[in-house]
Amino acid sequence: VLSSADKTNIKAAWDKVGGNAGEYGAEALERMFLSFPTTKTYFPHFDLSHGSAQVKGHGKKVGDALTNAVGHLDDLPGALSALSDLHAYKLRVDPVNFKLLSHCLLVTLANHLPSDFTPAVHASLDKFLASVSTVLTSKYR
């Protein structure tokens, strides 16, 4: 459960992300593909090379989804319902991959926002991404 302090930290951090959400999403995906090569199996039709248009496009989708989630911290299940359906029923993504991408997102954010990435902000963002992952995998059961 996100506390009011967590919500404040998440919104403040995401304000710093600003218009870079798609870029950071793509960077996190690329980091995930390099660090956890098995995740590439879900993207057999993608050009996974550095800076590819397909990775950038999917990164924008990730960034947009997270921006939407930040705007709906009090109703993540409602905000992410369609995305949860897509990943559970159509794409059938292994739930562990959400944890891997979350880790890569945290590394990416820490890299780009070092002075803002305090231990408290790190903890809040980690809880947020864990909550998003929980919602995205909730329909697997």
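A Cβ is built for glycine as well, from the same backbone N, Cα and C atoms used for every other residue.
If you look up Swiss-Prot, you'll see His58 marked as O2 binding site, on the strength of sequence analysis. Residues or ranges marked as heme b binding site in Swiss-Prot (evidence: sequence analysis): His87. Sequence annotations record features per position, and here Swiss-Prot assigns domain 'Globin' to 1-141. The phosphoserine feature in Swiss-Prot is assigned to Ser3, Ser35, Ser49, Ser131, Ser138 (among others). The N6-succinyllysine annotation in Swiss-Prot covers Lys11, Lys16, Lys40 (among others). Residues or ranges marked as N6-acetyllysine by Swiss-Prot on the basis of similarity to another entry: Lys16. The phosphotyrosine annotation in Swiss-Prot covers Tyr24, and the record cites similarity to another entry as its basis. Here Swiss-Prot flags Thr134, Thr137 (among others) as phosphothreonine.
Ser131 (phosphoserine) falls within a helix when secondary structure is assigned with DSSP.
Helix, strand and coil residue tallies for the domain 'Globin' (1-141), in that order: 110 helix, 0 strand, 31 coil [DSSP]. Candidate recorded positions: Lys11, His58, His87, Ser131. Nearest to Thr137 (phosphothreonine) by Cα distance: His87. Of the candidate modified residues, Ser3, Lys11, Ser131, the one lying closest to Lys40 (N6-succinyllysine) when CA atoms are compared is Ser131. Compared over the recorded positions Lys11, Lys16, Lys40, His58, His87, the count of CB atoms lying within 10 A of a residue's CB peaks at His87. Working note on the modified residues Ser35, Ser138: by count of other C-beta atoms within 10 Å of each C-beta, Ser138 ranks first. Of the listed modified residues, namely Ser3, Thr134, the sparsest Cβ surroundings within 10 Å are found at Ser3.
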